[in-house]
Amino acid sequence: MNHQRVVVLGAGVTGKSAAEFLHKKGDFVIGIDGSWDALISCNFFHQRYLDKTENFPEDVDLFVRSPGIKTSHPLVIEAKRRDIPIVTDVQLAFQSPEFYQYPSLGITGSTGKTTTVLFLVHLLHSLGISAFAMGNIGFPILQAMYQKGVRVVEISSFQLTEQEQKIPVLSGAAILNISENHLDYHQTLHAYSEAKMNIAKCLQWPDSLWSGEGVSSGRSYLEYTEEIDSVLDKGGALKPLYLHDRNNYCAAYALAKEVTSVPLEAFLQAVQTFEKPPHRIEYLGEKDGVRYINDSKATTMSSVEKALMAVKENVIVIMGGRNKESNFTSLIPVLTQTVKHIVAMGECRKEIAQALSSSLPLTQARDLQEAVSIAQSIAQPGDVILLSPGCASFDQFRSFEERGDCFRQLVGDMEALKI
């Protein structure tokens, strides 16, 4: 076996999974991270360096970039200058013989990835097929790929950026949608879109690419809308569904059909028994005639727009956090149709105010706690208080999950909600 000297840049969850995978292959693994504590917490690094350009090792055969690290990072640029192949954990997995033992399905897109992945796994389970979610969903692909069953992989644009060569491994793939997102990382919408489209290079068959809103390539999974709507309507499951959820389920249906037959009755049962993950237009309850909805996962303008169109009217929306180079003015048309007041919070509250205060009533808040208090002081019976930030959470929280949990806790500090 030809053992390599491999740099792993980033010692987070994904980087550690890559280090373990490479170590077991017999490679010499060199870890680089800005935190020495993170480096020494991983036993699979043979050498460790702090994140400095002068620490770039000699005689490196392969460079593994953790997905959260930008391609503009000085060490990534240095690896390119030295003509060292650069990959992410997804490319490592897709090139591994272990990954070919079972069918695999890939899902990417700007919004809806996690819900679609989890529903697809749920649908396959309901059909008696073993299936596992992995990838960007929180289960590192290099660890989860050893499980026996269909691999349903959530893939982010960060993981697809380095996908330059064709690796025909996926039985089917879906690009759910493409809208402005992660411009702080990709710089342009074109570069972001190109990264998403790279999933097509991983398909065994070109006609197994399914696409949705804003995607020009592939077959539209919405071609199944009519038959799906018909069975959902008959089963009483259509009316309670938000449009974007129905579309996500359509995508899952199309992908499931790439590996098995899917009776519509079984699809209906899967929809009826599926529990959506939290923080995604999650209805928390009602008190004094005011409804509360947690959409902390909304970190893009398109996500906020979908939430507003789902809730439709009398909305007091809480927005803000760390800006991802988003254009807040793009929301003005939908905001003026649905929102009665904006509460702008956190690090970019002034940017939001500058963009939107001339179009709608707007109040600024330092943090989420103050934002909830302001929203409650404004709300009247029949209103909806919607947390749909349209921004990253990292100004105040470690994750969108922590932000959503905080919102739920702040709401829970009141009397018990009527669900």
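We count from 1, first residue shown onward.
The backbone N, Cα and C atoms fix where each Cβ goes, glycine too.
As written in Swiss-Prot, here are the features:
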type: BINDING; residues: Gly109, Ser110, Thr111, Gly112, Lys113, Thr114, Thr115; note: ATP binding site
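Its Cβ placed at the centre, Gly109 (ATP binding site) has 27 other Cβ atoms within 10 Å. Considering only the binding-site residues Ser110, Thr111, Thr114, Thr115, the Cβ with the fewest other Cβ atoms within 10 Å is that of Thr114. Sequence-ordered, the extra residues of this chain that approach the ATP site, with Cβ no more than 8 Å from the Cβ center of Gly109, Ser110, Thr111, Gly112, Lys113, Thr114, Thr115, are Ile107, Thr116, Leu176, Asn177, Asn248. Listed in sequence order, Leu176, Asn177, His244, Asn247, Asn248, Ala251 are the same-chain residues at least 6 apart in sequence whose CB falls under 8 Å from the CB of Gly112 (ATP binding site).
Within the same chain, residues at least six positions away from Lys113 (ATP binding site) with a Cβ under 8 Å of its Cβ are Ile107, Asn136, Ile137, Glu154, Ser156, Leu176.
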